[in-house]
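In what follows, a single structure is set out as C-alpha cells and then discussed.
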Amino acid sequence: MNGSLNNCLFVNVTSIMDVVQFAIYIPTIIIGFILNTFALWIFCFSIKKHTESSIYLLNLALLDFCLVLSLPFRLHFSQSNIIVSRQMCSFLESLYFTNMYGSIYTIMFISVDRYIAIKHPFLSKLLRSPRKTFFVCFFIWVFVWTVALCTFNFQNDLRHSRCFHNMSGDIWSTHIIVPLQIFGFLIPMTVMLYCSIHIIKTLLVPVSSSVQFEVSKVNVIRIIISNLVVFLLSFSLSHIGIFLQFLVRKQVISNCLVKKHISLFVQVALCIANINCCLDAVTYYYMRKEFRNKLVPMHSQMSKSINAIT
C-alpha cells in the first residue's frame, strides 16, 4: 500500500509501518515460534490418546506455527525492494492469509464442539468423535487453500511494487471482499458468539452444592470470555480495515488524508491480528488445563460433557 493511489502519496505511511512492523513482528515471531513449537511437541508426543479437543488444538497450533513461519517473509519483502516472481509473491501472500483464516475457522469449530458437548451431551455422542474431528480439520485446510488458489493472482507488476503491497484491483473486487467479510469473519464471529453465550448460560445454572465445582465453573466462564475477547480484538479490527480499504478502492472514500489513515489502520490492524498466533497457545492451554484438572472429577452429566471436550 505504499507509493500512490490516485495521486495520493503514501510515503509517510510506509515509513511508519516499517517501524511498526519491526516492533510487532520480531517479538511475535520469536514468542510465537517458541510457544507453538512447544504446543506441537506436547500434542504430538505427550498425548497418547487424542480427543476431539486435542485434535482441534493441534490443528490450531499447526496453523499458528505456519503463520509464524510466513511472518519473516512478510517482514522481509514488505520492507525491501527485492524483486521476486509474481507467482512466488502470490504464494507467500496465500500462505499468510490461508493460515490466518484457517485459524479463524478452527477457533469457530472449537466453540461449536464445546457447545455440542455441554448443551447437547447426548447428541454429542453421535456428532463428536476424533475421526470426525480429523475430517473437519482436513476440510478446513482444503477449503482455505482452495479459496486462496482461486484468488492467487494478487499482484500487479512487481517491477513497481513490493510483495505484500499494492495488491491488484481484482483482489479488491466486490465478489471477493464481500464473501471474505461474510464467510471469513462475520459468520465465524456470529457462530462463536452464539456458542459462547449459550455455554455460559448453561454453566451459570446451579447443578451442584459443591463450592469447588461452582468456583471451577466461574473460572471456565472467564476463560471462554477471554477467548472470545481475544478473537474479537484480533480479527475485528483487521476486517474493519479491509472493508474501509475496499471502500477506498471503490472510490467511495476519496479524501487523501482519510485514505492515508485507512491505509495505516488496516496495516496496523493486520499486525495486531498476527499476535493471535501467540495468544492462542496461551489461552487454549489454560482452557484445557482448567477443564481437565478442575471439572473432570465431578460426576454430574455436565461434568462428563465438559470432560468430553478436554
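Any Cβ shown, glycine's included, is placed from N, Cα and C.
The domain 'G-protein coupled receptors family 1 profile' annotation in TrEMBL covers 35-284.
If you look at the transmembrane segment (22-43), the same-chain residues 6 or more away from its ends with a CB under 8 A from one of its CBs are 50, 54, 57-58, 61-62, 64-65, 67-68, 71-72, 74-75, 79, 271-272, 274-275, 277-278, 281-282, 285. The transmembrane segment annotation in TrEMBL covers 22-43 (among others).
Residues or ranges marked as transmembrane segment by TrEMBL: 55-75 (among others). If you look at the transmembrane segment (55-75), the same-chain residues 6 or more away from its ends with a CB under 8 A from one of its CBs are 21-22, 25-26, 28-29, 32-33, 36-37, 39-40, 43-44, 92, 95-96, 99-100, 102-103, 106-107, 109-110, 113, 130, 133-134, 137, 140, 163-164, 274, 276-277, 280-281, 284, 288.
Sequence-remote contacts of a segment are chain residues at least 6 beyond its ends whose Cβ falls under 8 Å from one of its Cβ atoms, and for the transmembrane segment (95-112) they are 53, 56-57, 59-60, 63-64, 66-67, 70-71, 73-74, 136-137, 140-141, 143-145, 147-148, 164, 184-185, 188, 191-192, 195-196, 199, 227, 231, 235, 273-274, 276-277, 280, 284. Among the features that TrEMBL reports, transmembrane segment is placed at 95-112 (among others).
Counting same-chain residues at least six beyond the ends of the transmembrane segment (133-154), those with a Cβ under 8 angstroms from any Cβ of the stretch are 52, 55-56, 59, 86, 89-91, 93-94, 97-99, 101-102, 105-106, 109, 113, 167-168, 170-171, 176. The annotation transmembrane segment is assigned in TrEMBL to 133-154 (among others).
What TrEMBL records for 174-200 (among others) is transmembrane segment.
The annotation transmembrane segment is assigned in TrEMBL to 220-244 (among others).
Summarising the annotation, TrEMBL assigns transmembrane segment to 264-286 (among others).
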